[in-house]
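Here is what TrEMBL records for this protein:
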- 5-134: domain 'Nucleoside diphosphate kinase-like' (DOMAIN)
- 13, 61, 89, 95, 106, 116: ATP binding site (BINDING)
- 119: active site, pros-phosphohistidine intermediate (ACT_SITE)
């Protein structure tokens, strides 16, 4: 019996965008046979990221994560395919690049855990939550967030 088609949320983080790795990462997913169904180039606000990473809000690294993720543009994407959540996580490699095998995105393209270039959902439920958090909506911004006073 074939595994069901599912969708996952993958996001290239500011360091991956700044280093020009978006195309390289997309190519890996396409070569694996997954279908890109949504993509956006966006500079997220701290408020949006606090919502996106709300499950991590009690962790000591949370403030630094939000600051880093709002430091530049990101590229959130939705990919579809058979077992895309599990396979996508395997393609990303371990959160700590030092623990990632060669051939994985993190194993090949990064060296620092705090700048590990990519986020991937760990379950279909998590992916569905990320779809709804706002990074792929029309309301998200293409430029840096504006100050409240408009400056």
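Cβ from N, Cα, C; glycine included.
Structure with TrEMBL features highlighted.
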residue: 13; record: ATP binding site; DSSP (3 states): coil
residue: 61; record: ATP binding site; DSSP (3 states): coil
residue: 89; record: ATP binding site; DSSP (3 states): helix
residue: 95; record: ATP binding site; DSSP (3 states): coil
residue: 106; record: ATP binding site; DSSP (3 states): helix
residue: 116; record: ATP binding site; DSSP (3 states): coil
Helix, strand and coil residues within the domain 'Nucleoside diphosphate kinase-like' (5-134) as assigned by DSSP: 60 helix, 28 strand, 42 coil
CB within-chain contacts under 8 A for residue 89 (ATP binding site), separation at least 6: 120, 122
Site of maximum Cβ density within 10 Å, from binding-site residues 95, 116: 116
Neighbouring C-beta atoms (10 Å sphere around the C-beta of residue 119 (active site, pros-phosphohistidine intermediate)): 20
Cα-Cα distance linking residue 13 (ATP binding site) and the residue listed as 'active site, pros-phosphohistidine intermediate', given in Å to the nearest integer: 7
ATP binding residues 13, 61, 89, 95, 106, 116: largest Cα-Cα distance, in Å and rounded to whole number: 22
Fewest-neighbour residue among binding-site residues, criterion Cβ within 10 Å, set 61, 106: 61
